[in-house]
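For reference, the structure is listed below as structure tokens.
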Ligand SMILES: NC(=O)C1=CN([C@@H]2O[C@H](COP(=O)(O)OP(=O)(O)OC[C@H]3O[C@@H](n4cnc5c(N)ncnc54)[C@H](O)[C@@H]3O)[C@@H](O)[C@H]2O)C=CC1
Ligand SMILES: O=C([O-])CC(=O)C(=O)O
């Protein structure tokens with residue numbers, strides 16, 4: 001279901017006709033940081049999405065080129081590039097969905113939290129503009145550290161009087177994408193039929209894949225589950241090291257970001273039973289104010305935050321172990337937003 005759009009694109013010899021046949025509502029989507037490593041392929045994937053009617057590509061520089069390039073693809077949306085802070089308002093006006101991959105990526109040896117000092121300020125200024133120009137938009141936060149940037153966004157929106165907890169999402173889809181891929185390999189399963197919930201947050205041990213709830217469920221040993229868990233938690237670092245100083249995951253992240261944005265748009269359009277794992281304000285899952293878990297998406301954003309279900313003893317231990325780090329990252333974000 002989730003990859004139907006991309007699979008149809010690959011299969012169809014007349015993709016343009018397939019895409020232009022959409023009659024879904026008008027939806028304006030902005031990508032902030034659209035000229036970056038994630039921003040460019042994500043902009044292309046959003047251009048391919050028939051649910052988008054208007055695509056607004058914003059960055060400090062370079063977006064006129066990305067927009068001109070992307071706009072030649074013969075699909076539904078009209079694309080406009082906006083460059084520089086004075087054009088941010090226009091980029092955001094009337095948006096239904098704003099996707100934020102703006103900010104610096106990791107280099108080998110860094111943690112996601114090492115990005116806080118630069119990215120916290122970027123996210124704060126972008127969210128201030130969102131609260132002014134499209135206060136009702138759904139926000140998909142990709143910029144790291146997600147465990148802190150989502151609480152920063154919430155505080156900025158609260159201060160502006162525009163906070164709607166149902167519309168703010170930390171994008172953790174790449175953790176799910178990785179968990180599915182790695183699990184399918186070990187389970188010898190068709191990856192297209194694999195499902196794995198991933199909960200917690202988006203950094204190191206705060207990423208908690210729930211392989212006990214994965215489907216299909218072959219009999220994998222505890223050692224294999226432990227190794228799969230570690231590989232999922234270290235997936236970002238695996239890419240950072242392989243890129244050797246040239247950034248972090250961009251292509252797989254663009255794919256994951258496009259999947260999550262598509263799910264949000266489907267929810268907005270009233271498609272039933274759209275469920276994704278995502279980092280949201282959460283009161284029913286743990287005592288922490290934000291937590292990633294399965295969430296049902298709907299016309300207003302979050303329709304329902306779903307519980308964790310039954311956990312294995314190993315997952316229960318993982319859950320307790322992640323809480324202090326996640327709590328401290330959340331608090332760091334809240335403190336930053338209220339201090340500066
Ligand atoms: N949530 C997740 O699963 C993942 C998150 N990320 C994060 O995404 C972020 C972006 O990564 P990349 O695209 O690889 O970085 P990049 O450096 O290639 O691109 C970032 C873009 O943001 C732009 N930018 C910086 N300040 C801006 C501002 N104030 N307004 C608009 N644009 C601004 C830059 O000009 C640049 O084009 C990083 O923080 C990275 O850690 C990366 C992979 C996965
Ligand atoms: O690891 C990073 O820095 C980027 C990221 O969040 C990921 O790939 O999951």
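Heads up, the Cβ atoms here are built off N, Cα and C, so glycines get one too.
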According to TrEMBL, which candidate in 59, 234, 273 joins 33, 34, 35, 36, 37, 38, 39, 119, 142, 143, 144, 253 at the NAD(+) site: 59
112, 144, 178 bind substrate per TrEMBL; candidate in 76, 106 listed for that same site: 106
DSSP state at residue 33 (NAD(+) binding site), helix/strand/coil: coil
Per-state residue totals over the domain 'Lactate/malate dehydrogenase N-terminal' (28-170) - DSSP helix, strand, coil: 66 helix, 28 strand, 49 coil
Contacting binding-site residues for ligand 1, chosen from 33, 35, 119, 178 when the Cβ sits under 6 angstroms of any of its atoms: 33, 35, 119
Integer average pLDDT (0 to 100) for the domain 'Lactate/malate dehydrogenase N-terminal' (28-170): 98
Whole-number Å value for how far residue 112 (substrate binding site) lies from residue 35 (NAD(+) binding site) (Cα to Cα): 21
